[in-house]
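**Q** In case it helps, TrEMBL gives these features for our protein:
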type     : residues : note
TRANSMEM : 7-29     : transmembrane segment
TRANSMEM : 75-95    : transmembrane segment
TRANSMEM : 102-121  : transmembrane segment
TRANSMEM : 127-148  : transmembrane segment
TRANSMEM : 160-183  : transmembrane segment
TRANSMEM : 189-211  : transmembrane segment
TRANSMEM : 351-374  : transmembrane segment
TRANSMEM : 395-418  : transmembrane segment
Amino acid sequence: MAVSQGSAVFFGGWGVLETVLFGGIMYGWPSLVFVLKGERYFSHLCKCETNCTETNASTNAGPTSCAAQDEQFNLIFAITGAVVCIFLVLSGTIFDRLGTFIARLLGSVVFLAGSLMIAFSTPAISYVLYPAVLCVMYGGFCILVTNVQLGNLLTKGRNIMICIMNGSFDSSSFITLVVKLLYKGGVTLRVSFITISATYIICLVSTCLWLPRKIIPYPLSDDFEMKIRFLCKPAAVKKKNEKQKTLNDGKINNAFELDTNNKSVQIGAKCQNLRVSNAEMSVDDITLNKEDGYSMEPSQLQPLKAALLSSLFWTDVLWFVSNNLRVAFFLGNFNSWITFLTKGNTQNVSLYTSVFSSISLTSIIVSILAGAIIDRRTTAPVGSLAFKLEKLRHFIPMFYLNIGLGVLLSACAAIPVLELQYFTFVVFVFHRTFIY
């Protein structure tokens, strides 16, 4: 393999850093809502009624928390989350057809646009949060989607790396806790998000310097190479002599000549002629290793239609959607839920929000456990049907465990005991991490 283990660990570690810093910022929504309420976003919807909390009676701006305000924050998270899930189909298509470079550039532009919209928003234009949060959330998912493929660089521990990447996405919610703590220390929301936008250059560095233009294939081809490039050198290098290839054990290697006149293939020094009819193979059927990625042969690729017609696919989608809805509902309603449990005590709301975000940071550690369960040793030959079934069986304990965690999460959240919610936060971290 052209990519050394040391290089694979470096590239994977950089991808984890990117995902932690920018991937799932908006999933720290409870901390961000606390700051937005402090900035009096949507406070114009509030009136001094029994369902509001007055924190600054000396001003004419109205109370800083009420049911109408909470409804707007809940709607922002719910609507943007649903729209992003629809847009991810588009981003997946772009990633498949145009490759990593275009997908990440698109995600970068969208993320930076959303981040700057939040930075320069004001309570007078509170509704700009709808497109802003949508852009930041979508851009974060683009980072995750393009970084998950870094697991393909590892010969062992591929699933662990993929789970760590997803755990990093969950831990990214810790960034909004930092924004919240800085806000309480006197740093404005504008300064925080301008800083986030400026540090996003980390993602542009990897996009331009070493990530492939297309994708990282799995399994890796022998001539795939990924390294830091300067002066626009390609990250995945083709062999110098592409005109000469050889057919060996169904794979295309060096030194072959295809004579299109007599439809014969001359192989190596033996120059054996293989008669190929038009019905069996054409020049286009021979899959060459293209620059910056694709090396899988058509026979190795499963068409999308086959997946859509699979009952296993749709049952997995049903399982994922039901669990993800539970997570989205919990995050979207967190602030109003904790405000209710604390009876509007701002200090307790701040405390429990900070504790929740701090516990969420451990998702990256929990993900290692999830990856280890999935990445258990298999005895069947790689690529065989038995191998695929054995790997599939490794997922079964995760499915049952996550269903149990989801039921436990809902039960604990429904019990109106404030101190119990520390345990609820821990259950939430395991549940959310195991989903991915």
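Any Cβ shown, glycine's included, is placed from N, Cα and C.
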**Q** State the non-local partners of the transmembrane segment (189-211) in its own chain: residues 6+ outside its ends, Cβ under 8 Å from one of its Cβ atoms.
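**A** Residues packing against the transmembrane segment (189-211) from afar: 11, 14-15, 17-18, 21-22, 25, 35-36, 39, 100-101, 104-105, 108, 111-112, 115-116, 118-120, 143, 146, 175, 178-179, 182-183, 226-230, 235.
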**Q** Does the structure show the transmembrane segment (127-148) and the transmembrane segment (395-418) touching, where I'm treating 3 or more Cβ pairs under 8 angstroms (sequence separation 6 or more) as a contact?
**A** no
**Q** Is the number of Cβ-Cβ pairs under 8 Å between the transmembrane segment (351-374) and the transmembrane segment (7-29) three or more, considering only pairs separated by 6 or more positions?
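**A** The transmembrane segment (7-29) and the transmembrane segment (351-374): touching, yes.
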**Q** With the transmembrane segment (7-29) as the reference, which stretch in 102-121, 160-183, 395-418 has the largest tally of C-beta pairs below 8 Å?
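**A** It is 160-183 that shares the most Cβ pairs under 8 Å with the transmembrane segment (7-29).
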**Q** By a Cβ-Cβ criterion of under 8 Å, what residues six or more beyond either terminus of the transmembrane segment (395-418) are in contact with it?
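**A** Sequence-distant neighbours of the transmembrane segment (395-418): 319, 322-323, 326, 330, 337, 341-342, 348, 352, 370, 373-374, 424, 427-428, 430-431, 434-435.
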**Q** Could you pull out which residues elsewhere in the chain have a CB under 8 Å from any CB of the transmembrane segment (102-121), counting only those six or more residues past its ends?
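**A** Sequence-distant neighbours of the transmembrane segment (102-121): 22, 41, 91, 94-95, 128-129, 131-143, 145-146, 189-190, 192-194, 196-197, 200, 203-204, 207, 211.
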